[in-house]
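A.B. asks: Pasting the relevant annotations from Swiss-Prot:
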- Glu201, Gln279: Zn(2+) binding site (BINDING)
- Asn2: N-linked glycosylation site (CARBOHYD)
- Asn15: N-linked glycosylation site (CARBOHYD)
- Cys322: S-palmitoyl cysteine (LIPID)
- Cys323: S-palmitoyl cysteine (LIPID)
- Ser334: phosphoserine (MOD_RES)
- Ser338: phosphoserine (MOD_RES)
- Ser343: phosphoserine (MOD_RES)
- 1-36: topological domain 'Extracellular' (TOPO_DOM)
- 62-73: topological domain 'Cytoplasmic' (TOPO_DOM)
- 97-110: topological domain 'Extracellular' (TOPO_DOM)
- 134-152: topological domain 'Cytoplasmic' (TOPO_DOM)
- 174-202: topological domain 'Extracellular' (TOPO_DOM)
- 225-252: topological domain 'Cytoplasmic' (TOPO_DOM)
- 275-286: topological domain 'Extracellular' (TOPO_DOM)
- 309-348: topological domain 'Cytoplasmic' (TOPO_DOM)
Amino acid sequence: MNGTEGLNFYVPFSNKTGVVRSPFEYPQYYLAEPWQFSVLAAYMFLLIVLGFPINFLTLYVTVQHKKLRTPLNYILLNLAVANLFMVFGGFTTTLYTSLHAYFVFGPTGCNLEGFFATLGGEIALWSLVVLAIERYVVVCKPMSNFRFGENHAIMGLALTWIMAMACAAPPLVGWSRYIPEGMQCSCGIDYYTLSPEVNNESFVIYMFVVHFTIPLVIIFFCYGQLVFTVKEAAAQQQESATTQKAEKEVTRMVIIMVVAFLICWVPYASVAFYIFTHQGSDFGPIFMTIPSFFAKSSSIYNPVIYIMMNKQFRNCMLTTLCCGRNPLGDDEASTTASKTETSQVAPA
């Protein structure tokens, strides 16, 4: 084995020279240079500085403006809440531990940090699934008279939390476990060992199938159908400038959604899957740390893509920040007209 396994940790470094120490008790400078831990801390600080204001502002602006309290925006708010879970439950902890170069909070703190980071990430992921389904049902109209209402939004919210808990909670009760990963300053699911005493192999397979592959398939299917529907509508109305504009907006939005999802999650999932299927292989701590950077950055991507590109929300945000006046001069009528104009084919 090219790593060192302990009671509640796995360090990706051979202990042939006897230098490996518990990541809960000693700095891990044999894994990476001090400046690399400083870079990790600086990155976490950047995510906190950017992630907290934009997600908090999302919640605050929605509370301030009643017209934003629509069923679809419930899901967008759920994204903001999930991102705040990641900011406070994961990023702040990783910032502090990176400054010390080891996980100073012990196994209990590791369980809590791993749980909240996983919970926030999964809530965000399943929120994107609900958004994809909502867009598919509203735009493609597989059910002709269906209208996405408040009850459907509440059911969607419940689904995101149930599925997130179904992924984040089992390691706390003996099915798999949370251990320090990468540079040993943050915690995640144990992809590194089979750990038969906690049935780790079955949990990792379950997580990859139910909490990664299935969401990915749903998102691609829904947005693929969305693009086809919009193109078909445009083909039938060649002279409709409104439809042509909506086609471009939806296509751009879909591309950004899919690319952001892939950038955020596929590198991390791919590396984790490789590590799990190549037990004992030789890899360094940076091998897992860098992909996790992209996954954590979803706390910034999500509000920018799903909310900041919404013209109505953007106008409300500017009005809130500028004490009741919109410096861009976009009046309510133009915002309403724009929203109505693309309501049948463009994202809300």
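A Cβ is built for glycine as well, from the same backbone N, Cα and C atoms used for every other residue.
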A.B. asks: How far is it from Asn2 (N-linked glycosylation site) to Cys322 (S-palmitoyl cysteine), counting Cα to Cα, in Å?
C.D. replies: 57
A.B. asks: Taking Cα atoms as reference points, rank the recorded positions Asn15, Cys322, Cys323 by distance from Glu201 (Zn(2+) binding site) and give the first.
C.D. replies: Asn15
A.B. asks: With helix taken as DSSP H, G or I, strand as E or B and everything else coil, how many residues of the topological domain 'Cytoplasmic' (134-152) land in each class?
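C.D. replies: Within the topological domain 'Cytoplasmic' (134-152) the tally stands at 10 helix, 0 strand, 9 coil.
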A.B. asks: Which residues, sitting 6 or more apart from Asn15 (N-linked glycosylation site) on the same chain, put a CB under 8 Å from its CB?
C.D. replies: Thr4
A.B. asks: Average pLDDT across the topological domain 'Extracellular' (1-36)?
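C.D. replies: It averages 89.
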A.B. asks: Who are the chain neighbours of the topological domain 'Extracellular' (174-202) in space, where the CB to CB distance is under 8 Å and they lie at least 6 residues beyond its ends?
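C.D. replies: Apart from its flanks, the topological domain 'Extracellular' (174-202) reaches 3, 5, 8-12, 23-24, 28, 31-32, 36-37, 40, 90, 93-94, 97-98, 101-103, 110-111, 113-115, 117-118, 272-273, 275-276, 279, 285-289, 292.
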A.B. asks: Determine which residues of the chain contact the topological domain 'Extracellular' (275-286) at the Cβ level, with the cut-off under 8 Å and only residues 6 or more beyond its ends counted.
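C.D. replies: Sequence-remote neighbours of the topological domain 'Extracellular' (275-286) are 1-3, 12-13, 28, 31-32, 36, 182-184, 191-194, 204.
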